[in-house]
Amino acid sequence: MFERVIERNRVFLVFVAIVLVDVALLVGTMSQISISFREADGFYHSSDFVFELARLSVSWFGHNDFALRMPFLGIHIANLCLVYQISRIYLKQPQDSLLCVVIYALIPGVNITSILISKSVVIVFFALLVCYLHLRSYRVAFWALCLLGSVLDVSFGLVLLALFVYGLKNTQKKTMLSALCLFALNAYYFDFGIGGIPSGHFLETLGRFALLYSPLLFIYYVYTLYHRISRGESNLMLYVGASSIVFSLLLSLRQDVDLPTFLPLSIVALPVMIKDFLRDVRIRLKPFRMSYVRRFYVILLPLILEATLLFGNKFLFIYYPKDHFLQNFYYAKELAETLKSQNLTHLKTNKRLQMQLRFYGIGFSSSPVLVESENGTIKVKYFNQSVRRYNVL
């Protein structure tokens with residue numbers, strides 16, 4: 001009896017195991033990082049909904065890093081569940097959904113935004129939920145969510161633009177009209193930020209995409225979206241992913257693109273890429289499949305390497321403290337603990353560090369003054385190696 005239950009739910013149990021491993025790795029990363037200046041400044045001064053969410057979590061669960069980042073990790077778990085459910089509907093075999101979830105969980109941009117105070121993970125959640133409701137044909141809930149999204153954030157305008165293109169492709173006049181009205185509502189509430197002195201950022205934006213996905217995966221992903229659109233495939237996920245990439249790259253020709261706003265939506269079409277790859281493999285005889293499988297391994301290896309470096313990035317910080325890509329998220333928490341151990345709870349330092357230390361209970365005072373010094377007596381150590389030194393004047 002028990003064995004039959006396990007056999008019947010084997011795919012779901014594997015999915016749960018994947019989620020648990022991913023959450024364990026992310027929680028481990030959360031325990032290593034500190035609040036950044038941007039996060040601390042937003043936490044104390046911003047009225048954006050993501051900081052409201054962070055403040056609410058801290059008020060409920062305590063003044064610590066886990067409470068600060070818990071809502072975004074929770075939304076990331078919900079995103080994993082949505083990717084799994086969408087894949088179960090869209091992909092051919094149940095186990096195909098596991099491949100989609102694993103790749104989603106490995107993508108560097110997904111992991112970074114799931115533990116930082118960022119609206120990116122929230123944007124992805126709403127986009128995935130819209131696509132799930134559309135696949136399920138839950139029309140009332142679908143349009144209600146579209147209405148909510150249109151007044152929630154400017155990024156949802158791209159979802160509505162994709163919905164308009166979907167309606168145009170499938171000659172659904174009501175869908176086109178509704179999407180156009182909601183897009184106008186979104187444009188009324190928010191500014192897309194198109195303006196200022198033109199300046200090209202195309203290569204920079206392209207590099208950001210490659211960094212968030214890993215270079216080879218991004219190239220294959222874009223090729224797959226183009227291939228499916230050119231073949232006449234029509235689904236909302238495909239158009240949302242393509243709209244995000246095309247709009248971001250076109251906008252980058254004249255100005256810098258707001259990374260957390262427009263880039264996250266591109267990930268929504270990931271099940272389309274998985275379906276295209278598995279179709280290419282399965283329609284061929286076994287002797288001819290290996291070349292496609294090897295090609296996919298070549299794409300996955302850099303992705304796995306980047307994920308490994310991300311989860312173990314604290315070791316890199318020891319050797320490259322000044323050039324580390326997450327240097328703003330380190331040493332503030334440990335410095336605050338060291339200062340408290342020396343009964344220093346109020347002091348003055350530079351603006352950025354002062355804001356970070358405030359979150360950890362170090363208040364402002366005109367004296368003493370904390371300054372960074374190569375020969376400082378106050379040390380921040382990682383694995384018995386000093387990464388920052390300070391003196392109190």
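Quick reminder: no glycine exception, Cβ is built from N, Cα and C everywhere.
The annotation transmembrane segment is assigned in TrEMBL to 12-35 (among others). Here the transmembrane segment (12-35) has Cβ contacts under 8 Å with residues 6, 43, 65-66, 68-69, 73, 76-77, 80-81, 84, 97-98, 101-102, 105, 111, 114-115, 310-311, 313-314, 326, 329-334, 356, 359-360 of the same chain, all six or more residues outside its ends.
Summarising the annotation, TrEMBL assigns transmembrane segment to 66-86 (among others). Same-chain residues lying 6 or more positions outside the transmembrane segment (66-86) and placing a CB less than 8 Å from one of its CB atoms are 15, 18-19, 22-23, 26-27, 30-31, 35, 39, 43, 50, 53-54, 56-58, 60, 97, 100-101, 104-105, 110, 113-118, 121-122, 124-125, 128-129, 131-132, 135, 237, 270-271, 359.
Long-range contacts of the transmembrane segment (98-128) within the same chain: residues 11, 14-15, 18-19, 22, 26, 29-30, 33, 36, 39, 42-43, 48-51, 54, 68-69, 72-73, 75-76, 78-80, 82-84, 86-87, 91, 145, 149, 152-153, 155-156, 159, 211-214, 217, 240, 260-261, 263-265, 267-268, 270-271, 274, 278, 300, 303-304, 306-307, 310-311, 329, each at least 6 residues beyond the stretch ends and with a Cβ under 8 Å from a Cβ of the stretch. Residues or ranges marked as transmembrane segment in TrEMBL: 98-128 (among others).
Taken from TrEMBL, the feature transmembrane segment covers 140-168 (among others).
Feature annotation from TrEMBL assigns transmembrane segment to 175-194 (among others).
The feature transmembrane segment is assigned by TrEMBL to 206-224 (among others).
The transmembrane segment feature in TrEMBL is assigned to 236-253 (among others). Among residues of the same chain six or more beyond the transmembrane segment (236-253), those with a C-beta under 8 A of the stretch's C-beta atoms are 86, 90, 127, 130-131, 134-135, 158-159, 161-163, 165-166, 169, 194, 200-202, 204-206, 209, 222, 225-226, 228-229, 262-272.
The feature transmembrane segment is assigned by TrEMBL to 298-320 (among others).
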